[in-house]
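What follows is a short report on a single structure.
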Amino acid sequence: MNKCAIILAAGQGTRIKSKLPKVLHKACGKEMVNHVIDAMRNAEIDDVNVIIGKGAELVKERTTSRNVSYSLQAEQLGTGHAVKCAKDFLEGKTGVVAIFTGDAPLIKPETVKNLVDTHINEKNSATLLTSVIENPTGYGRIVRNGESVEKIVEHKDCNEQEIKIQEINAGMYCFDIESLLTSLEQLSNDNAQGEYYLTDVIEILKKENKKVGAMITDFEETLGVNSRAELAKVESIMRNRINRTHLDNGVTIIDPLNTYIEPEVVIGKDTIIYPGNVIEGKTVIGEDCVLYPNSRINNSTIGNGVEIQSSVILDSKIGDETTVGPFAYVRPESNIGEHVRIGDFVEIKKSTIGNNTKVSHLTYIGDAEVGERCNFGCGTVVVNYDGKKKHKTIIGDDSFIGCNTNLVSPVEVKDNTYIAAGSTITKEVPEGSLAIARAKQQNIEGWVERKKLK
């Protein structure tokens, strides 16, 4: 059977108090609406339509990579009106449509799939996603007749018996497309708010003796975000889910409450993560690594057996058995080899560092190719920028760079060379050479006495 989905993402979200449309606020590094789109995709629903309104162009910009279509709700007149705006998307289609909100990022793909499967297997015209909660105050109650849904009653309209019902409407649905389109034509905005409500479709279907069912899920999954506090709550739940998955897969997380891992991160078993680490994007971390406190790793590949201390690694690759930090900064497009030492207060920018090379402290390497088994003394600077352009430096294997050396790019240092401490290198250093480029020391005896500087 054909399946499609509609995601409601047109509202501004005034209570979140932001210039940014509500659905574009991030939970664990990903926009809420993209969490929902990805849940649809992972539930094997490829045809997804996003209802846009406030900040429409920005929402399109942030979701376009997910290959979705869009329907515009220029004026926000309720959930029923939002779905009516997707009429062009639905017309000509057969099968079922899942309808979810773009501000409920905790929904799981398996829940979406189960809802759709339940709807199809029970041959329903509509199937609601519901939850059972201890305190349902403020929520619409699900009134059942056996297994089927009889009606949804808003809290303020509940009678003495209905007020005791703990099953609530989550605001997420699966509909038979033909039944939905027919019912949408009958929707009325004859209410205090002057809006069209999707819940009224259920009443219309029941009047036509159509079958309406419901599937209960964990209330946590259905949580929507209307404020910064609710966003923080949702992110906390999501972070706990992510961390629990890694724990179950053999990763040690010393303090899960203070470890921040985004959903697409992959971590190998027997890796140990201390508190304060932030691991973002599509980072892949190998096995047997140790991430000591307070590092940030973004969109990077970390090999096996790597140790990282209080450092920042962005869009780069770190080889096996390498150590980084403390307080190192590995900038984008850097490729650090195996068994390398990147020490304290070292900055690497868009450079390749060969295996077994040591850059132990207080060094800047930018736009460089560094060979294997090199050693950089403290205070080395690759001077890659002339004020207008960046230039490249090449350093061969087995080179020793003395302390306080400046390598003025573009320049090449051949294999097996030594550069004396304090040198400023502006020309090629031949293989097997010692390069000394500093002023000759001159001692002027009696100078202090004569100048009376004591």
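If you go along the chain as it appears here, the first residue is 1 and each next one adds 1.
Placed from the backbone N, Cα and C atoms, the Cβ positions cover glycine too.
Site annotation (Swiss-Prot, ligand acetyl-CoA) includes N384, Y385, A421; from R373, R438, the additional listed residue is R438. The distance from the Cα of G140 (UDP-N-acetyl-alpha-D-glucosamine binding site) to the Cα of N226 (Mg(2+) binding site) comes to 18 Å. Around G78 (UDP-N-acetyl-alpha-D-glucosamine binding site), the C-beta neighbours below 8 angstroms that are at least 6 residues distant in the chain are N189, Q193, E195, Y196, Y197, L198. The two recorded residues D103 (Mg(2+) binding site) and Y385 (acetyl-CoA binding site) have their Cα atoms spaced 46 Å from each other. The sparsest Cβ neighbourhood within 10 Å, among the listed binding-site residues (N169, N226, N384), is found at N226.
The predicted model assigns the region 'Linker' (229-249) a mean pLDDT of 98. Binding of acetyl-CoA is attributed in the record to N384, Y385, A421, R438, and the widest Cα separation among these residues amounts to 22 Å. The two recorded residues, K22 (UDP-N-acetyl-alpha-D-glucosamine binding site) and Y385 (acetyl-CoA binding site), have Cα atoms 42 Å apart. H361 (active site, proton acceptor) is surrounded by 19 other CB atoms, counting those within 10 A of its CB over all protein chains shown.
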